[in-house]
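Worksheet for the structure shown next.
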Amino acid sequence: MQLRYFLLLAAALFCIGIYGLITSRNAVRVLMSIELLLNAVNLNLMAFSNYLDSTLIKGQVFTVFVITVAAAEAAVGLAIVLAIYRNRDTVDMEQFNLLKW
Amino acid sequence: MAQFLLETVWLVPLYALIGGLLAIPWSPGIIRKTGPRPAGYVNLIMTFLALVHSAIALQATWSHPPQEVFLPWLSTAGLDLTIAIEISSISVGAMVVITGLNFLAQIFAIGYMEMDWGLGRFYSLLGLFEAGLCALVLCNNLFFSYVILEILTLGTYLLVGLWFSQPLVVSGARDAFLTKRVGDLFLLMGVLGLWPLAGTWNYPELAQWAQTANVDPTIITLVGLALVAGPMGKCAQFPLHLWLDEAMEGPMPSTILRNSVVVASGAWVLIKLQPVLTLSPVVSSFIVAIGAVTAIGGSLIAIAQIDVKRCLSYSVSAYMGLVFIAVGARQDEAALLLVLTHAVSAALLVMSTGGIIWNSITQDVTQLGGLWSRRPISGLAFIVGTLGLIGFPPLGGFWALLKLADGLWGTHPWLVGIVIAVNALTAFSLVREFGLIFGGKAKQMTERSPEVHWPMVLPMMILFGFVLHLPLILQALSLLPDWAILNKDVVLLLIWSTIFGCSISSVIYLSNIIPKPIRLPWKGLQDLLAYDFYTPNLYRITIIFSVAQLSKFADMIDRFVVDGIVNFVGLFSLLGGEGLKYSTSGQTQFYALTVLLGVGVLGAWVTWPFWGFQFLDLMF
């Protein structure tokens, strides 16, 4: 096992997350894609922590923080989606283009 | 006293200028209650002072060598513009003629402009003219001569345009200004071109330089042609002659001044420049050719006119043409004598016809007639003016023409033929005018035509006497050619041409042998002369057309290309904003994509050294 495979896997996951983030029409799926991105970042942090900093493992501490903040962010994100849904009766991202030119 | 007046003779132009300035308050807009007449009286007083001053100075300067006075004007790096004034018997004598003629014209105007409210403007412009002409004859420097000529051009514009509510006056003033301006601008080119060659603009130094000058013939020819172009426009020579015809729309008293002295202002400069001009034989021939064409053409056109003022104006062009011939053939003294005799005689002719027009309203000679029995004074004045102008033995014009013809006899015999022909044609045209105005039966317009009142008759009579006494004056000053050395053939030819022209004209116009109005067998020729060789059309299809087309073209370039380029920049920015605003799509996901693309490109750019070359190797 080498560091680069972890990094490649994390990058692949990040790219999948990006794809989902940009193409999903459902707002919840956008939030889910963001979670994928964060998880890809966590994978990176864990891999670096394991291979490069195995004594102080600051990466793992970072990961704990990221998970925490991600949870909070997902909560707020879902609350926003709910608020929009209450007003507009839809979670279709393509209906939320009011703030254009 | 006389010596003091001689030393201060350079004040003479200032008298007239002050007179002109003092006339302004009597414009109807300033002094509203008492009428404009004092403007004339003030000017008369100032002109009289100038006349007395210059006349006494003339006595004092007679048989004294010319003096030069220098007044510093402006001195900058490398250029010293000092006003040079020449106090000689010629310049002071010319001032006497100018102030004298202006004095008479101003008295005439008191009568002629009786029912006009514009006296303030009129007299201030007459004062300006008198000042300008006096300054011109005093001025001994080409540069300041040019300055004065330009001021006089502006003065002509304003004076011809006195009655600006008439459309023909407006177009006439426009043409007078532009035509003379074109000549003046060429003159300016010549003046500027002369500086690096001669290094001076003072006439005596120019003459000295010209004696030993060794310059490229092409350059001096071009400079000389430019120097001739100014006087060509001023003296109403072909092809810059139309303005004088149209300037006849101006008031009559100013016409007296214009026909006698203003057109001579160009001739004065030409005479002063004669040493420079004769450096190039091409220029001399050009002056002679222009003069000859104008002299013949002008006198032919004068015969075919029906407007009495225009009949006279073309004769003026013709006589100025003779002056050109004289200058081109290096007959300076003949030229000056011709200018003097022409000035007094032409002024007398214009005064006489001015009086006729004042009481008979029409200027059309075909509608005038039969005035001799009722207007003997005007008629006599016209006769004396005619005889003073053409070669009629005891009077002035004879001596001037004789001197010219005599001087030409040895060098340019064929020019003598032109002088003789112009004399005969002018005699014909003036006698024709006399016959049509004073001879024959009274027409409807002249049925009741009383003689004019004294302010118009008095100057006419004074000038009448002056024209009659001119030969005596010239003889007293020993300016007449010596009878003993004269070529008798020339004398006879001149007298015969006068008799010939006068008698043919008398037979045609003073008798009833030929029915009037006269029709030439070739109507085309008659129209050609009557319409002044169609000069307005000629101007319109050549210069005016090309300048107008060029202006339109330049205007289009300005509107569409220059403005277009600048407007395109603005339009481009506008369209850029209008088009690029659609990048703000309102889709959050699109923004996210943009951010990622930005980060990706930036990252690729920053990390290019680490992978770029391998990537390029891989690709290519």
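Heads up, residue numbers simply count up from 1 along the chain you see.
Placement of Cβ uses the backbone N, Cα and C atoms for every residue, glycine included.
Curation plays no part in TrEMBL annotations; they are all automatic predictions.
Among the features that TrEMBL reports, domain 'NADH-Ubiquinone oxidoreductase (complex I) chain 5 N-terminal' is placed at B:73-123. Each residue of the domain 'NADH-Ubiquinone oxidoreductase (complex I) chain 5 N-terminal' (B:73-123) gets a DSSP state, and the totals for helix, strand and coil are 29 helix, 13 strand, 9 coil.
Residues or ranges marked as domain 'NADH:quinone oxidoreductase/Mrp antiporter transmembrane' by TrEMBL: B:140-419.
Among the features that TrEMBL reports, transmembrane segment is placed at B:12-29 (among others).
TrEMBL lists B:41-62 (among others) with the feature transmembrane segment.
For B:82-110 (among others), the entry in TrEMBL reads transmembrane segment. Counting same-chain residues at least six beyond the ends of the transmembrane segment (B:82-110), those with a Cβ under 8 angstroms from any Cβ of the stretch are 6, 9-10, 12, 16, 37, 40-41, 43-44, 47-48, 50-51, 54-55, 57-58, 61-73, 75, 122-123, 126, 129-130, 133-134, 137-141, 144, 202-204, 251-254, 256-257, 260-261, 268, 336, 340, 343-344, 347, 351, 354, 455-456, 458-460, 462-463, 466.
Positions annotated as transmembrane segment by TrEMBL: B:122-138 (among others). For the transmembrane segment (B:122-138), the residues of the chain that approach it from at least six positions outside its boundaries are 9-10, 12-21, 23-24, 39-40, 42-43, 46-47, 50, 54, 85-87, 91, 94-95, 98-99, 102, 105-106, 109, 113, 116, 144-145, 148-149, 151-152, 155, 158-159, 162, 251, 253-254, 257, 261-262, 265, 268-269, judged by C-beta separation under 8 angstroms.
Among the features that TrEMBL reports, transmembrane segment is placed at B:185-204 (among others). Counting same-chain residues at least six beyond the ends of the transmembrane segment (B:185-204), those with a Cβ under 8 angstroms from any Cβ of the stretch are 68, 84, 86, 140-143, 146, 149, 210, 213, 215, 219-220, 222-231, 233, 269, 272-273, 276.
According to TrEMBL, the transmembrane segment annotation covers B:219-244 (among others).
Residues or ranges marked as transmembrane segment by TrEMBL: B:256-277 (among others).
Under the heading transmembrane segment, TrEMBL lists B:283-304 (among others).
What TrEMBL records for B:311-329 (among others) is transmembrane segment. Using a Cβ-Cβ cut-off under 8 Å and counting only residues 6 or more beyond its ends in the same chain, the transmembrane segment (B:311-329) has close neighbours at 231, 235-238, 241, 244-245, 247-248, 255, 259, 263-264, 266-267, 270-271, 274, 277, 284-288, 290-299, 301-302, 305, 335, 338-339, 342, 346, 349-350, 353, 365, 389, 401, 404, 407-408, 411-412, 415, 418-419, 422, 425-426, 429-430, 433, 532.
According to TrEMBL, the feature transmembrane segment maps to B:414-431 (among others).
Nonlocal intrachain contacts for the transmembrane segment (B:452-470), taken as residues 6+ away from its ends with a CB within less than 8 angstroms of a stretch CB, comprise 100-101, 103-105, 107-108, 110-112, 340-341, 344-345, 347-348, 351-352, 354-355, 358-359, 377-378, 380-381, 384-385, 388, 395-396. Taken from TrEMBL, the feature transmembrane segment covers B:452-470 (among others).
The transmembrane segment annotation in TrEMBL covers B:490-510 (among others).
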Exercise for the section: Looking only at the domain 'NADH-Ubiquinone oxidoreductase (complex I) chain 5 N-terminal' (B:73-123), report the model's average pLDDT. Expected result: 90
Handout entry: Segment-segment contact (the transmembrane segment (B:283-304); the transmembrane segment (B:41-62)) at 3 or more Cβ pairs under 8 Å
Key = no
Handout entry: When counting Cβ pairs under 8 Å to the transmembrane segment (B:12-29), the leader among B:41-62, B:219-244, B:256-277, B:490-510
Key = B:41-62
Problem - Folded-back contacts onto the transmembrane segment (B:41-62), same chain, C-beta under 8 angstroms, at least six residues removed - result: 1-3, 5-6, 8-9, 11-12, 15-16, 18-20, 22-23, 87-89, 92-93, 95-96, 99-100, 102-103, 106-107, 110, 123-124, 126-127, 130, 134, 477
